[in-house]
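*Asks:* Marked as domain 'Ig-like' by TrEMBL: 27-107, 112-196, 203-302, 306-394, 410-475. According to TrEMBL, the feature signal peptide maps to 1-21. As annotated by TrEMBL, transmembrane segment applies to 496-518.
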């Protein structure tokens, strides 16, 4: 065969298709939305030719595995880490094949979970500064934007990583969660766990021990606490004056307020000047915070022998709601000069004669239908400002304790009963407690035939089904500490001189004894000075 003929045969053979690759463009693999995604996302791979795709089949190769499909796209819903790897494709039709595409790497990362933190704490107090921060981390993402949710709804926060409340208020409280999204991309994190922000008012709470109503010489302690939170608090103490129309309060810091900085302000021997309405305030340095003024607490100090007594009917300190209560000022000389006054947490200082809570006729004030906000201190006051011993009246529902209205004297008999508001029986069979300890159980009344100073304390009763009464303070005076003996030096000398003149007129022979007594009183007066 001639050379020209051999060349022609070779050319013909080269044009015959034996199932090998023709000279088509190499396909390209594209990935949507992107080649790096998180578990749970969807990924779509496309095998793209530079011509029509009619009649073509597509072979997808991942690592060493292959898959033949009629579609040029391969969609993977909710991808797993194992779906990651190198992907290539080629196309074929009627035994014709394209070249393999260049490999494309699909990377699957575990979807990160956002973490929400609150600083300085999840429970904060009004007027503090609080910062919420959303943290998300994943390899390959350097810029995030954030979405915030409060109580299940999209928040109005910005897309920033942190949000600060300064100052925080009660309206900012709620349950928060967040997530992060790739800025300029499609990837997003899992939602964070929900974190609850609690905002409350940090209050100083003032109480008085052992009682608010005192006689000259009694000890009393004001106790200031801060919502049961332990911290390095310092306390300051004030008296408060309330305007006659209750519209304004004037606070005056005590001159010796610093001695109560630890939380207890103690007066070892109360005097008339200590009568007043008190409040306290707490402050800490780190983190810096100060409370508002505490609740008010009255302290009432009376002289030894006031000329008038407050008589209560029914004669007890605790009373049921929705009953009539009579309060009378009894003065042997002139009862018309006295009026009934009270101080309650709800209404402050009030006169019976000028308010809606009661009506006064002469020296008697009547409350027609008691309510719980009638609980408070009641006393008699003369036109000249003289006061009786106050009485603490408590109005309660269901169960009350029947106890004496006025202090007992050592040697007196104490009788306590437990009363139920809706019972046809006069007394409940109940347990009786003193200062939180059970002292007598399942009895209709508790009797102490001869009281002593050791019996002084807070008493209450408790029924297993009906409930328990409020606490009542039982005060016991010592026989040796009768009020009439507590006189100033000048008052003592005047009293003794008056007695001496009477005695000398009747019995001159007692002169020596009288002189000795007078000298004793003078020495006592000088010692007191």
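Keep in mind that glycine also has a Cβ here, set from the backbone N, Cα and C atoms.
Where in this structure would I find these features, and how exposed are they?
*Replies:* Across the domain 'Ig-like' (27-107), the prediction's mean pLDDT works out to 89.
Applying DSSP to the domain 'Ig-like' (112-196) sorts its residues as follows: 3 helix, 41 strand, 41 coil.
Note on the domain 'Ig-like' (410-475): DSSP counts are 3 helix, 35 strand, 28 coil.
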*Asks:* Among 27-107, 112-196, 410-475, which stretch has the most Cβ pairs under 8 Å to the domain 'Ig-like' (306-394)?
*Replies:* 410-475
